[in-house]
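Everything on this sheet refers to the single structure shown next.
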Amino acid sequence: MSTPARTPRRSGIRGGEAASGWLFTAPMIILLGMFLVIPVLMALWVSFSDWNGRGSPFSGTVSFVGLDNYSALVGGGGLAEQDFGTALRNNAWYVLLVVPIQTMLSLLLAVLVNRQILRGRGFFRTAFYFPSVTSSVAITVLWLFLFSASGAVNKLLAFIGINGPNWFNDPSGVLHNFLGLIGVETGPAALTGNTFLGISFWEWLAGPSVAMSAFILMAVFTTSGTFMLLFIAALQNLSGDVVEAAMMDGANGWQRFWRVTLPQLRPTLFTVLTLGLIGAWQVFDQIYTGTQGGPGKTTLTPAYLSYQAAFTNQAWGQGAAIAFILFVIIVVFTLFQRWLLAERQVSARRMRPYQPQPTSGGSK
Amino acid sequence: MSTPTKTRVRSASPSRRLRALSREQLPTPAIAGRSLLYAILVVLAIIYIAPFLVQVATSFKTDGDAASNPMSLVPQTWSTAAYEKLFLNSDFPVWFQNSAIVTVFVTLGRVFFNSLAGYALARLHFRGRNVIFALLIAVMSVPGVVLLIPKFLVINQLGIYDTYVGMIVPLLTDAAGVFIMKNFFESIPASVEEQARIDGAGTFRVFWSIVLPMARPALVTIIILSFQGSWNELSHFIVATQSPELTTLTKGVASLASGQLSQGTQYPLKLAAAAIMTIPVAVMFFIFQKRIMNTTDGAVKE
């Protein structure tokens, strides 16, 4: 009713709207254009050039080198390729562990805290969320202390008889260490002999280093609270009807969670996984503050490597190239994830409310 | 099957158990479940809080005490040496001041520019609006770390490297904030502004004196996000500044962590610095706690 009534008025009373529209959005357009769009284009040019940081990247002395910067990273056979491979390896393990763990933990926290009968809900939420508001620098400083050789974490481990590692100085891969426990010290020739991005497959499979594991724990510690809030908001928006219906049909708590609640949380799950994935590929602050890539380059990440290449080694083209490869990686992962979850979302939604209960109960 | 037995043992007085049963209609496994729930939550809460308690306690310890008793929550001898050194013998006050300056300007800027743009995108009808919105979404998906080198290039090119302008202006608006404001403005009814328009108020006046006051919940969200975001920002200041006078807390404390200003480990000093830089965001957090805990409500709902 109201829409057709409003539409003709728009051109009359709202005559100056176009002008105000552009005026209102102009600061945003200028700021984002100046400090986001144009910079990205400039960096794209730099990634194809041999600019060494002196003078303007657009001056005559800077020349176009095509894909040289990129090919040095993905097939140059030199140190650049090796460092890039190492950084990707480190960050891939980081993502592989951080994203699932933080998602599961935050969902668990949300479900626990969201109980209606729970006393002190506010206290628990505050406790779990607080690490998320602190800066990554402050948390890293704290982590360096807690995980130092004779620090609190190792003291705690000593209580249960474990001789803790020298966390931030231990470059050994966690998976390699586990294999070492069962006597496997070197990998088969098929793995050690062949390389990808300058790193042998055996090294790819080293797992995160002990130092990186401390960062992984830190990421889980600091982000689970934020994602818990997203899950809580989603849980509160669920209508109780479906759960009640499932209850009447005799589903127990476990079944209700997996078959009823979780499918309804799929959109939030997607958000959390995507945000987690994007964040986890951008590890920078922690490395800059804590380890600068060490020990043994096992906490090097593409983001930090990009910074280091440009600002420390003055290899600006290479640094920019790393940033763009990282960009592509993040976009590809996000799209892949969207595709994966979207597919399932349709089928689950089709299944969930409409199918008669006996069928869905008997199917599994 | 073991859970009911356990509960029976725990609640020793049978009459109390009966009373609880009749009042809340809970079967015994539910009581056991609830105790388990509390046990899990308490353990988790301790894990989440303990690091911060250790941090504060350690900042009041002497170096030797911190090294030998890293876990104790009470210093053997209380020492404020770390804080004295930070405030009297280091650049720490300068860092704090710079962080405060940047945070205030960035927060004010974002509140104004984000709501202005968000309002235009939600309410004003003009050609190109959809294009702007599509670009905004695209811009939002650019990961921040990718922008390190690009930002330096443009800041350098504009001649604002190592200035407050270079530190503040690039942060004055953010795509996500505009998006939040746009969503909020779309959710409030248009009838009020229509009335004001008919009464002859100009677009900016309608925005400033009618719409903006109604948007308080969303504005609080923006304030929280930008305060926290700019106070905790590190990478932008790394690429935008180099002189010691423009060092912010994040950059300064990061340099502390990697060993400047200190011989040996000096954990009390570092942890004191980290603790102080946490205070403003913590205060912010406790002031707006209710709102933060419902952030998504404020941003998305009505």
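Including glycine, each Cβ sits where the backbone N, Cα and C put it.
According to TrEMBL, the features are:
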- B:36-54: transmembrane segment (TRANSMEM)
- B:95-119: transmembrane segment (TRANSMEM)
- B:96-288: domain 'ABC transmembrane type-1' (DOMAIN)
- B:131-152: transmembrane segment (TRANSMEM)
- B:164-185: transmembrane segment (TRANSMEM)
- B:206-227: transmembrane segment (TRANSMEM)
- B:271-288: transmembrane segment (TRANSMEM)
Message = Ranking B:36-54, B:131-152, B:164-185, B:206-227, B:271-288 by the number of C-beta pairs under 8 Å to the transmembrane segment (B:95-119), which range is first?
response = B:164-185
Note = Same-chain residues at least 6 beyond the ends of the transmembrane segment (B:131-152) with CB under 8 Å of its CB atoms are 121, 161, 170, 175-176, 178-179, 182, 235-236, 238-240
Request  = Report, as numbers and ranges, every residue of the chain located at least six residues beyond the transmembrane segment (B:206-227) whose Cβ falls under 8 Å of a Cβ in that stretch; write 'none' if there are none.
outcome  = 103, 106-107, 110-111, 114-116, 119, 123, 174, 176-177, 180-181, 184-185, 188, 192-193, 196-197, 280-281, 284, 288, 291-292, 295, 298-299
